[in-house]
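Taken from TrEMBL as is:
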BINDING   Gly80, 83-84, Thr88, 90-93, 108-116, Ser120  5-phospho-alpha-D-ribose 1-diphosphate binding site
BINDING   Gly80, Asn111  anthranilate 1 binding site
BINDING   Ser92, Glu226  Mg(2+) 1 binding site
BINDING   Arg166  anthranilate 2 binding site
BINDING   Asp225, Glu226  Mg(2+) 2 binding site
DOMAIN    5-65  domain 'Glycosyl transferase family 3 N-terminal'
DOMAIN    75-324  domain 'Glycosyl transferase family 3'
Amino acid sequence: MIQYAIDKVIRKQHLTEGEMIEVMSGIMEGKATPSQIGGFLTALRMKGETVEEITGSAKVMRDKALRVDIDRTYAIDTCGTGGDQANTFNISTAVAFVAAAAGVAVVKHGNRSVSSKCGSADLLEHLGVNIDLTPDKVQESVEKLNIGFMFAPNFHQAMKYAVAPRRELGVRTIFNILGPLTNPARVQGQVLGVYDEALTEVMAQVLKGLGADRAMVVHGLDGLDELTITTKTKVSELKDGEISTYYVDPRRFHLPLASKEEILGGGPEENARIILSILRGERGAKRNMVLVNAGAAIYVGKQANSLEEGIDKAREVIDMGLALEKLNQFIQLSQGMKQ
């Protein structure tokens with residue numbers, strides 16, 4: 001099947017969702033050689049991935065993942081595709097604790113570094129979090145604290161066949177956009193940052209096809225896979241089964257424009273320092289980045305009726321020390337769960 005698919009994609013013909021399910025199943029079951037995987041990923045990237053191709057791939061990855069059953073009617077994830085090469089601090093990780101403190105159940109799905117010097121797993125580990133949580137421990141953590149973390153390689157073991165070809169290719173492939181679509185807890189809501197403006201509507205369509213209830217797919221016009229405060233952000237929002245696309249200007253929420261340099265991060269040690277200072281109440285551009293993105297998470301998490309109200313709630317939980325308290329509780333709980 002993969003040879004047929006490579007030939008079809010090279011001729012710039014799209015695969016159906018069913019064909020993509022067959023190809024991706026073969027890759028995940030070790031039935032394709034590294035050369036075939038590399039050739040297919042490259043050809044697909046050059047053609048451009050369709051909604052059907054991404055949806056089919058995501059369905060296979062979800063089915064092969066280690067399942068996490070969350071005893072909540074509604075939970076969200078906050079993560080991006082990575083690949084924006086921006087080297088910002090770990091905004092979506094900070095956002096997870098703010099949203100959880102505001103009453104949103106957050107089941108974060110993360111990995112080590114992709115587009116920066118520090119991935120969410122690197123940061124959490126540096127802060128003292130035990131990232132090797134089993135599905136039942138993730139469930140317990142969400143139940144007790146409104147937050148859990150799933151270290152992606154532990155939950156997507158079928159991905160092992162694609163690791164070497166991806167690394168050797170060294171370019172973005174469909175797998176960069178599949179990560180955020182394949183949360184093992186099957187969350188119903190997502191704030192999903194993408195590295196390409198053209199992907200916001202595509203990814204919103206995919207999330208709808210995968211059964212998501214609410215989502216904001218975002219791309220900063222400065223290139224960030226986050227809501228940004230340096231310029232406007234393109235948003236494709238899924239709500240009530242409909243997708244609407246609009247632009248968000250941070251000045252509308254009394255957040256002044258900042259330069260990209262003001263929101264840069266570093267390695268795990270530097271990013272841990274930045275996030276702790278924000279959660280301890282330090283003002284400035286980095287805090288404002290967390291506010292606007294946490295506002296989106298709180299809105300998508302149904303704890304606010306608008307983005308503006310979400311930003312106000314985010315400000316409140318940070319200023320009351322609740323987000324910092326949530327982080328400290330999570331560190332303590334996760335350490336107590338070591339095998």
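Backbone N, Cα and C define each Cβ position, glycine as well.
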The domain 'Glycosyl transferase family 3 N-terminal' (5-65), counted residue by residue under DSSP: helix, strand, coil: 46 helix, 0 strand, 15 coil
With H, G and I counted as helix, E and B as strand and the rest as coil, say where DSSP puts Ser92 (5-phospho-alpha-D-ribose 1-diphosphate binding site). helix
The mean pLDDT across the domain 'Glycosyl transferase family 3 N-terminal' (5-65) is 96
Calculate the distance in Å between the alpha carbons (Cα) of Asp225 (Mg(2+) 2 binding site) and Gly80 (5-phospho-alpha-D-ribose 1-diphosphate binding site), and round it to a whole number. 6
Between Glu226 (Mg(2+) 1 binding site) and Thr88 (5-phospho-alpha-D-ribose 1-diphosphate binding site): CA-CA distance (Å): 10
Distance [Cα-Cα, Å, rounded] between Glu226 (Mg(2+) 1 binding site) and Asn111 (anthranilate 1 binding site): 17
For Arg166 (anthranilate 2 binding site): DSSP state (helix, strand, coil): helix
